[in-house]
């Protein structure tokens, strides 16, 4: 099906079902219960899950396959966002031209930056990409303010020209009239599910991106990229020119980043310079490694993991804690709140840091490996039927052991 | 002319800070082959050693002061410092004044201990893991360390003053025959410069002239061979990690009066120190020092108005521009060895 | 099982609805039929407090959060009522807002516009917040204000000082109680003239981003109007931590005043560096060298420690205001008392502005007898009030900016404790800092129409 | 007819004249060994042939075309394959994938953006790779992780990868260095078999005289960067100059 083998098609199908049912799956708790705090099924966060999923899937094509660790991919995300917002300001609020332009511009940027940075490898490559991204960030924040609107970020405004839009066109990003922020709410007992246009657009694009990434992984090109990671010398003496392969991977991942940036701006028409900062580049590295570099599903999992923490854990304050434990005796309640307090709310970074460390220490193959170990416990017999994911994780371990 | 001299001086001073931070980073990389993203956090912890000591010195108990009321109109209490009670007013005040230099003594054992614990407890398990894993785990550690500091000290910068004797600035211009005030430079920054030079020199001498240093240098060049010689290189590496942590910590202690320490100062320096190390060449100690000074000086010159008028915003990006130019013209940085971290 | 609003709010209809002109986003809410986003249905109403909890401004965010919690307490009739008793409007009765108990959710802006918007979105979409407040930088304020406008909720800005928030980026659904760069400059100029004379040469360092520029522009205009000369303005990178290379040339430039248009960590570091260079001990042009920090913040003053001694700047409010400047600033002591008793130290200006904003919002709802954002906007526009600590204040209809007296302060030479670092030099009356809505420094944007959302 | 013609090649590294005035001609379909003591310039010469180094003087012609200034991958595409001293394979990939890559390189050239074709649809390549795996007795290891194979198997795989491209000239750089005797003999047999079954020219740099004399049809002796003598193995064995410069010591050592 779709030129995929059975296993890959199965994976795609599972991802598709999970993605499309996300508004339900991510809202497992009734809206008025104390646990509703952990619901993630609201449009903005779900959009971020899939958009950063796209970003990480693309990054994985570069890092997971070729091993080139870019610390500057946030620059393409930012460039994509700026292009998209400009498109919406100048041309039309329809997201199609915005997204297309963001992919193209990010692609052009990545050709230039990739061409220069790929003259070096290893950490020297990483620092070159970092340098480009930081330059972009610093300039976007300051001297490029006429283009980027600096600190406040580029926003749409009522008096933008929008030459393609008629007088009655929607003034919010839309897909042929369907506004990104329109949503249908379904109540099911005390559960509330929200199905938003924006999320489904992102989800469909993410599935396409995921599908493309499977195809790339299974293609001769993908194999060549893994060969680049494994042994460049052998590549050269096998008659293969590694430069165009790595550059192509760099540009593809740059375009994925641009797509993610364009989608971010389409869901929420704002492009800020912080999107290009090195911490943002670091975030996608963390997502990819945390989920499992070189695996198909890992980057998406990693993206979801980090965004969930950022958005859900940061909102748990002492009031919420007291609410949870209010059924307990006072002293015990206060004790529990005191113990948990440093790890939630303003301490969400601490929890995230600790979890990073735990995952890296105990699950070198990332969350995907964790899932496999978990799965293995339940079906011991099936050990040989290792999926592709298992292979990638295994390979990582073996490389590590050398 | 005086403007150029002034920025040169300033660049040397900036550069000495960069070099000092980068030195520890490259030491860890060169010896242990570990990319330590928590190095900035060690620098930050060093600065907080100084903060902690001055907090210890200002421990106090409340004594009722009948004369006034506090902001809520309640009876007022005055803080009485234990240190003044125990050592007398004059000695207590002196200790308080000199808390930053005294923190050096306080910081060395702490930083060594942190270094040992980090190496034995965490880093040693990562020698054979890919660099990406090392980056991730040390980055996670850096976040944890800074959040812990934030939990105890808050997010606001904490002023940590240099001793009274070192406040103010020295007028070089007069020495060189310029007008007064043409080239002035704060005493404490001069001390920082000298201190950096001392530490950098010390580390070099230690590696150059001691047997321990010789073994470590041999280990840097070829770890396996040294291992085959039956030398327990692991133990030495642990000590090296402790030393690197101490170097970062001392850089932090002395930096505290220059800029009030805050919990994320480590992250601010992390990217910069990596750029310095890479421009110098991964694993090269002289390279790191050279690159630190080079970038410091260029950054200073880039902040001159005369330069900014021609290239607006150049001071925002100078470090990165220089890094790109150097890496493109010299593939392994200024003094990097071949084959190190090129995969 | 019930399917509500599925067709009404479905995708197909949106295009037609949007024809009405302004964006009509259809955010989820249990009661879309009420005609506005997140209309409270039960016996509670949810407010969203979006403050920096990580990053350099986390402490300021924590102080804002304390004030918010206090305000919620007072609105719900707990505690001593704080400024409710001094507030000129008596619409609030301590029974929540319009009888609905006030609940709140909190989030972390990280002082990044992206994260701030994500956090605000979750409050609006998930928690059903009907008003968003807080924040500690103009970038965040402008970003969240834009979001609230689109989503159809009210934004009561926290600490934001850039002219743009109520200038070129002003929005109908957004309101700012805090003062701005223009007001700082207008308030400072006469005081500076009194203190340092009318013949001074200024060298300024300016944070190289929007807020810094508006601040610098305002200060330059105001000081030049009284005869000072600006001999140089140097832009410094936001990321800079060490300002030595920018400070070093100052003394030899012929300037005798240094203006630091910095905020937060930048301000702490640049001021610390300037004092380190001994600038304050020098004489230039036969005058004492002076340093001015136009926007003061108690927390940043704390970070700079002894270095702030003698440095002049402006504040939106100070907790000593009523004690030192009298009855005009009533409310101050009431607030300080309830804050101090709850937390053990006096509140910062960020806390006061957030507290006041929460009360003002609640009061506007109570007066309008509606949570509908458009009704709230109407109630706040042109509203004159008193008793919230700043003296008589006007919420101007034209740009949703509060006009009130500005406090000019100076760092104390010998502060008694870390909460009492500044002394009040003077209070510049509101008339002197008022400007026309179409002032060029604020030109470029449109308020637009209020957006009730769904 | 000579397939590789090296004329007057010289290469200098700083103060060291690594190669001077090297003339060498390798005849098609022969096995030609290049021997010489350590530091004689064998590896430098090899690197000049494959594009890793560019000689300062002289010319290197392969099948009538100059290789100078071309990148290694271009030279490979011309028909020269190289086997390294320590086997260079794709350790992270499976044995089968290792075989597929050179087949793709042969068919598609130095770069092809075939990112959307599935490998499984490339029947010709899969068949070719399978054929090679069977021929080289690696078929049962096809799903093995290449890095985890024995050294002998790695060598075999590397040679298989080179052969799958049907090179006209196969360069072997001390193919048995560091191998146990049994592995060495296996390798010799393998190379003999290749020589017998294929139209291929083999140039081999080797230290191990046993290997050289088992395989070579012609031998060039290199000493101090310049060819001392070139002849058949029998003549070389008895050549006094060679004995003096090289063989005497080497055989004693062995």
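Just so you know, glycine gets a Cβ as well, placed from its N, Cα and C.
Annotations in TrEMBL come from automatic prediction, not curation.
Look at TrEMBL and you will find B:15-35 (among others) tagged as transmembrane segment.
Counting only same-chain residues 6+ beyond the ends of the transmembrane segment (B:42-60), those with a CB under 8 A from a CB of the stretch are 21, 24, 79-83, 95-96, 99-100, 102-103, 106-107, 110-111, 114-115, 145-146, 149, 153, 158, 160, 245, 248-253, 255-257, 261, 263-266, 269. Here TrEMBL flags B:42-60 (among others) as transmembrane segment.
Listed by sequence, the residues of this chain that lie at least six past the ends of the transmembrane segment (B:104-123) yet keep a Cβ under 8 A from its Cβ atoms are 32, 34, 36, 38, 42, 45-46, 49-50, 52-53, 134, 137-138, 141, 237-238, 241-246, 248-250, 252-254. What TrEMBL lists as transmembrane segment is B:104-123 (among others).
Sequence annotations record features per position, and here TrEMBL assigns transmembrane segment to B:190-216 (among others). Sequence-distant neighbours of the transmembrane segment (B:190-216) (same chain, 6+ residues past either end, Cβ-Cβ under 8 Å): 12-13, 16-17, 19-20, 23, 27, 31, 166, 170, 226, 231, 233, 236-237, 239-240, 243, 247, 250-251, 254-255, 258, 285, 289.
Annotated transmembrane segment per TrEMBL: B:237-258 (among others), in sequence order.
Residues 7-8, 11-23, 25-27, 29-30, 37, 39-40, 142, 200, 203-204, 207, 220, 318-320, 322-323, 326-327, 332-337, 340-341 of the same chain sit 6 or more residues outside the transmembrane segment (B:270-298) yet have a Cβ under 8 Å from a Cβ within it. Summarising the annotation, TrEMBL assigns transmembrane segment to B:270-298 (among others).
If you look up TrEMBL, you'll see B:310-328 (among others) marked as transmembrane segment. Outside the transmembrane segment (B:310-328), and at least 6 residues removed from its termini, the chain residues within Cβ reach (under 8 Å) are 272, 275, 278-279, 294-295, 298-299, 302-303, 334.
Listed by sequence, the residues of this chain that lie at least six past the ends of the transmembrane segment (B:15-35) yet keep a Cβ under 8 A from its Cβ atoms are 42-43, 119, 123, 126-127, 131, 134-135, 138, 192-193, 196-197, 199-200, 203, 216, 219-220, 223, 237, 240-241, 243-245, 247-248, 250-251, 255, 258, 269, 272-274, 276-277, 280, 282-285, 287-289, 291-297, 341.
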